[in-house]
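Undergrad: The structure under discussion is supplied below as structure tokens; questions concerning it will follow.
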Amino acid sequence: MLENGSHFFEGVEKLLEIWFEESSNGDDDLRNISRSDWENVLSNVNCQIISTSKNDIIDAFVLSESSMFVSKRRWILKTCGTTTPLKCLGQLLKLAEANGYNVVADLFYSRKNFTRPEAQITPHQGFTEEVTYLDSIFPNGRSYCLGSMNLECWYLYTFSRSDIKITPQLISDEKNVDSDPDQTIEILMQDLDPETMSIFYKNKFNDANGATVKSGIDTILPTMHIDDFLFDPCGYSMNGINDKGEYMTIHITPENQFSYVSFETNVALSNYRKLINQVINTFKPGKFIVTIFANKCSLAYETMKELEVEYSQGSHWKRTDMQCCNFPSYNLLFAQYSHSEKTGDYL
């Protein structure tokens, strides 16, 4: 709530992803952690599990504030509102250790700048505070800000064991933490089309499936098995997982004054241009940010450079910012677009 009593909800999410090093026991698996243990972890975040879906490779959880994904040695938590995901790290690491994973290989914490930062709760009242909190657990972490700090920006904190200088006696113990191909694309959208957003109100559809089909969400990545939820009176979340263990997730805050939609997937593609166009055509934002992470084993590691080209020339999108970063194990592309009056393809 705002100080004057008017309604507000922070759609911008905090995204936390952790990869653990392979354990010596092949039977170790984060998916062995019980639901009750996950509920205890999430109680520190101030969110609850609404529904679950799973296959042989990945477990997906729709939460009261966004989503969680668990695979053998990877954990992803994405939460919106005034949630506090960093506060669950201590408990999470203890659970992981109890299930055979005692070394973090890579950690990523990221978020866009908040619409109402003053409404957030410690340790999320500012990126400096978040970095201080993370540094207390991961003393070799690194923090970044991409985009314009006084306008729209995207914050990132990373930790990687490959950043740590390995002494000779530890070389024989060093694992290949980059053995699994990994890529993630996020599309963060604002100022959405009101007619499209009206689909995600309970007075329009009684169940989430109606909104999923009407909006065309089900056609974005057709191989995904969808678990969706429509909030009362408005708002929408969905998780999709496929037989390869890949995921997608969409979260929608439809209120016109602060509309926000996030799309995320780790589907491996050699070119993300078509996918970006489909997502943007589905939700029709006024502006959006694209981020793509890809490690050296990923199909997208080299081909993500396609988006470094100014595809928006001649279209009704103007690229207002673009930055690339090279990390020890990953490449990152950040690009921001705003609407112009021209017509044509989105990218």
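Yeah, the Cβs are placed from backbone N, Cα and C, and that goes for glycine too.
According to Swiss-Prot, the record shows the following:
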ACT_SITE  GLU10  active site
ACT_SITE  GLU13  active site
MOD_RES   SER66  pyruvic acid (Ser)
ACT_SITE  SER66  active site, schiff-base intermediate with substrate
ACT_SITE  CYS80  active site, proton donor
ACT_SITE  SER237  active site, proton acceptor
ACT_SITE  HIS251  active site, proton acceptor
Undergrad: Run through the Cβ atoms and count how many others sit within 10 Å of the one on GLU13 (active site).
TA: 26
Undergrad: Tell me, which recorded positions from SER66, SER237, HIS251 are within 10 Å of GLU10 (active site) if we use the C-alpha atoms?
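TA: So the list is empty; none.
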Undergrad: Show me the subset of SER66, CYS80, SER237, HIS251 whose Cα is within 10 Å of GLU13 (active site); these are the recorded positions I mean.
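TA: Cα filter at 10 Å returns SER66, CYS80, HIS251.
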Undergrad: Can you tell me the CA-to-CA distance separating SER237 (active site, proton acceptor) and the residue listed as 'active site, proton donor', as a whole number of Å?
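TA: The residue listed as 'active site, proton donor' has its Cα 11 Å from the Cα of SER237 (active site, proton acceptor).
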Undergrad: Quick one: what's DSSP say for GLU13 (active site), helix, strand or coil?
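TA: In the DSSP reduction, GLU13 (active site) maps to coil.
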Undergrad: If we count other C-beta atoms within 10 Å, could you say which of the recorded positions GLU10, SER66, CYS80, SER237, HIS251 has the fewest?
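TA: Counting other Cβ atoms within 10 Å of each of the recorded positions GLU10, SER66, CYS80, SER237, HIS251, the minimum falls on GLU10.
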Undergrad: If I take the alpha carbons of the residue listed as 'pyruvic acid (Ser)' and CYS80 (active site, proton donor), what is the distance between them in whole Å?
TA: 6
Undergrad: Determine, from DSSP, whether the residue listed as 'active site, proton donor' sits in helix, strand or coil.
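TA: The residue listed as 'active site, proton donor' sits in coil per DSSP, no helix or strand.
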Undergrad: What's the CA to CA span in angstrom from HIS251 (active site, proton acceptor) over to the residue listed as 'active site, proton donor'?
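TA: HIS251 (active site, proton acceptor) and the residue listed as 'active site, proton donor' have their Cα atoms 9 Å apart.
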